[in-house]
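K.L.:
Before we start, here is the structure in question, set down as structure tokens.
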Amino acid sequence: MAEAGWNMKWILGLSLTLCLVVQTALGALHTKEPLLITKHGILQGKQVHVGDTPIQVFLGIPFSKPPVGTRRFAPPEPPLPWNGIRDATTYPPSCLQESWGQILSMYLNTRKQYKWLHFSEDCLYLNVYAPVLAPGAPLLPVMVWFPGGAFLAGSASTYEGSELAARGKVVLVFLQYRLGILGFFSTGNSHARGNWGLLDQIAALRWVQENIEAFGGDPDSVTLFGQSAGAMSVSGLMVSPLAQGLFHQAISQSGTAVLKAFITPDPLTSAKKIAHLAGCDHNSTKVMVECLRSLSAEEVTLVSKRMSFFQANSHKDPKEIVWFLSPVVDGVVFPEDPVVLLTRGQVKPVPYLLGVNNAEFEWNLPFLMKIQLNQRMMNQTNINKILWSFNVLLNITKEQVPVVAREYLNDAISNHDWKMFRNRLIDLIGDATFVYATLQAARYHRDAGSPVYLYEFKHHASSGIIIKPYNGADHGDELSYLFGSPFSKGSSAGEEKEFSLQMMKYWANFAHTGNPNGEKLPYWPRFDKDEKYLQLDFDTRVGVKLKEKKMAFWSQLRQSQKP
């Protein structure tokens with residue numbers, strides 16, 4: 001009888017497994033609670049509709065073991081398989097970050113209702129949005145989103161992927177990676193090499209290669225896309241040997257690895273500051289790392305706050321300011337500085353779409369960096385102090401500060417024109433950072449043989465939480481249009497929806513073919529020696545040589561710096 005009972009259980013178990021396999025194979029994901037078999041186990045998601053298009057949504061899928069305990073400051077490890085059916089209908093915790101990450105998420109939120117974030121060290125999860133495929137239908141291109149946030153903040157759950165997945169006919173993956181101290185702490189040696197956040201990203205891309213076909217995605221057609229720090233990450237992975245073969249197109253929105261702040265040249269200096277604030281001072285980096293591993297998540301967050309990351313301070317020696325922890329040349333993710341590799345043309349020539357917004361420093365970044373833009377700044381002494389405090393981000397020497405002020409600000413100061421001064425300062429910081437680095441990256445990839453498409457996003461987007469005075473496109477303003485917020489939030493005018501549809505089509509076309517052009521879209525020329533680019537706005541049009549005179553100024557300034 002015992003043997004008969006065991007046989008009956010075995011038969012029932014086998015029957016359930018076969019049912020699930022058949023259910024998946026026959027497109028049974030049309031059900032309200034779709035089931036799906038991955039390499040690590042069975043997932044139960046949910047189904048939503050965009051018009052008549054059903055989208056399957058799977059949230060909180062683990063792509064690594066939790067990076068806690070001895071796995072803190074260590075490369076991610078593949079997740080363990082699970083028994084039974086794993087619920088994938090609720091948003092996962094976001095990676096540990098300071099409270100301002102919540103504000104950033106509210107500002108960038110693309111969903112109809114804001115999802116309040118929960119922070120945890122156990123955060124290596126991803127969200128997938130996939131159109132339901134008919135039996136026998138071809139696999140869809142995959143787009144993997146890298147959230148931004150200065151390597152200090154960001155969450156996969158800030159973004160809603162249903163609109164882009166449905167209208168672009170793509171499978172969307174939103175990943176998360178460790179941030180701040182937990183993601184980028186490095187002693188510069190084998191005790192803590194660093195780049196943990198980038199290794200998380202690479203682990204997520206490996207998960208995509210192994211599992212995405214089950215969601216209807218094509219592992220041989222993967223496009224990376226990201227914004228700000230996410231865009232820098234995408235740009236960096238394009239020259240990393242660890243990421244080769246894991247993607248086939250790339251998109252960088254407002255950020256590339258050419259930005260000076262992308263690489264931390266002396267990570268041990270920052271590591272010692274962190275250790276000191278944590279009470280982990282020691283001459284041995286091994287002991288230092290072991291001590292930091294013993295801290296609770298709350299203690300790590302407290303140390304992060306005491307480091308005053310991403311906060312401007314014109315009264316402090318710029319050499320003492322640690323804007324954020326960033327990637328390092330570790331000999332693993334990056335054998336050499338990415339800019340050196342790009343200069344040599346050591347990059348796989350995949351199609352690359354990249355661009356900037358025309359007012360990157362309007363409100364979002366100054367607010368997060370606690371910079372008060374006011375008329376007290378309008379004198380030569382104060383502006384010199386402010387510009388010098390930004391020297392790491394602007395990549396200027398102390399001797400070049402008055403040269404930069406003269407180029408952008410002096411006439412506004414002499415005319416006591418506050419509006420002109422403010423707008424020029426916005427241009428100055430945006431030009432020196434995002435615009436210059438993006439153009440340089442476009443040229444490097446073009447010269448290496450990649451098809452390159454450049455844009456400048458110009459549409460002034462309204463925000464649900466702030467009224468911005470400058471009539472330009474702020475850092476992150478393109479995201480609501482890219483992810484279809486005018487449709488999902490349901491309160492936008494027809495022009496906003498048409499513009500959003502245009503952006504989604506460009507990005508999806510690029511994911512499908514490596515070329516953004518398509519039917520009924522304004523033509524987007526390749527970025528060749530003539531340096532044509534697309535100005536994205538309600539009246540989208542072609543431009544030539546983005547900010548040519550200002551870029552010549554910055555190029556000459558950088559070339560005059562001592563090596």
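Placement of Cβ uses the backbone N, Cα and C atoms for every residue, glycine included.
Under the heading active site, acyl-ester intermediate, Swiss-Prot lists Ser228, citing sequence analysis as support. As annotated by Swiss-Prot, active site, charge relay system applies to Glu360, His475. As annotated by Swiss-Prot, disulfide bond applies to Cys95-Cys123, Cys280-Cys291, with the evidence given as similarity to another entry. Swiss-Prot lists Asn283, Asn379, Asn395 with the feature N-linked glycosylation site. Under the heading signal peptide, Swiss-Prot lists 1-27.
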K.L.:
What's the CA-CA gap between Asn379 (N-linked glycosylation site) and Asn395 (N-linked glycosylation site) in angstrom, rounded?
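P.N.:
Each residue's Cα considered, Asn379 (N-linked glycosylation site) and Asn395 (N-linked glycosylation site) end up 22 Å apart.
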K.L.:
In the structure shown, with every protein chain counted, which of the disulfide-bonded residues Cys280, Cys291 has the densest set of Cβ atoms within 10 angstroms of its Cβ?
P.N.:
Cys280
K.L.:
Since the record lists Cys95, Cys123 as disulfide-bonded residues, which of them has the fewest other Cβ atoms within 10 Å of its Cβ?
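P.N.:
Lowest Cβ count within 10 Å among the disulfide-bonded residues (Cys95, Cys123) is Cys123.
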K.L.:
Tell me which of the recorded positions Cys95, Asn283, Cys291, His475 ends up closest to Asn395 (N-linked glycosylation site) in space, Cα to Cα.
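P.N.:
Among Cys95, Asn283, Cys291, His475, His475.
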K.L.:
At a 10 Å cut-off from the C-beta of Asn283 (N-linked glycosylation site), count the other C-beta atoms across all protein chains.
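P.N.:
If we count other Cβ atoms within 10 Å of Asn283 (N-linked glycosylation site), we arrive at 6.
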K.L.:
List nothing but the one residue from Ser228, Asn379, Asn395 whose Cβ has the fewest other Cβ atoms within 10 Å; the candidates are the recorded positions.
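P.N.:
Asn379, out of the recorded positions Ser228, Asn379, Asn395, has the fewest neighbouring Cβ atoms within 10 Å.
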K.L.:
Among the recorded positions listed here (Cys95, Cys123, Asn283, His475), which has the Cα closest to the Cα of Cys291 (disulfide bond)?
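P.N.:
When the Cα distances are compared, Asn283 comes out closest.
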K.L.:
Anything within 10 Å of Glu360 (active site, charge relay system)? Look among the recorded positions Cys95, Cys123, His475, comparing CA atoms, and list what you find.
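P.N.:
Of Cys95, Cys123, His475, within range: His475.
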K.L.:
Sorry to bug you, but what's the C-alpha spacing from Cys123 (disulfide bond) to Asn283 (N-linked glycosylation site), rounded to the closest Å?
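P.N.:
For Asn283 (N-linked glycosylation site) versus Cys123 (disulfide bond), the Cα atoms are 31 Å apart.
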K.L.:
Out of Cys95, Cys123, Ser228, Cys280, the recorded positions in the record, which is closest to His475 (active site, charge relay system) when you go by Cα distance?
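P.N.:
If we rank Cys95, Cys123, Ser228, Cys280 by Cα distance to His475 (active site, charge relay system), first place goes to Ser228.
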K.L.:
Would you mind reading off the Cα separation of Cys280 (disulfide bond) from Cys95 (disulfide bond), to the nearest angstrom?
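P.N.:
Counting only the Cα atoms, the answer is 23 Å.
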K.L.:
Rounded to a whole number, how many Å is the Cα of Ser228 (active site, acyl-ester intermediate) away from the Cα of Cys95 (disulfide bond)?
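P.N.:
Ser228 (active site, acyl-ester intermediate) and Cys95 (disulfide bond) have their Cα atoms 17 Å apart.
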K.L.:
What kind of secondary structure is Cys280 (disulfide bond) part of, going by DSSP in three states?
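P.N.:
Assignment for Cys280 (disulfide bond) reads coil.
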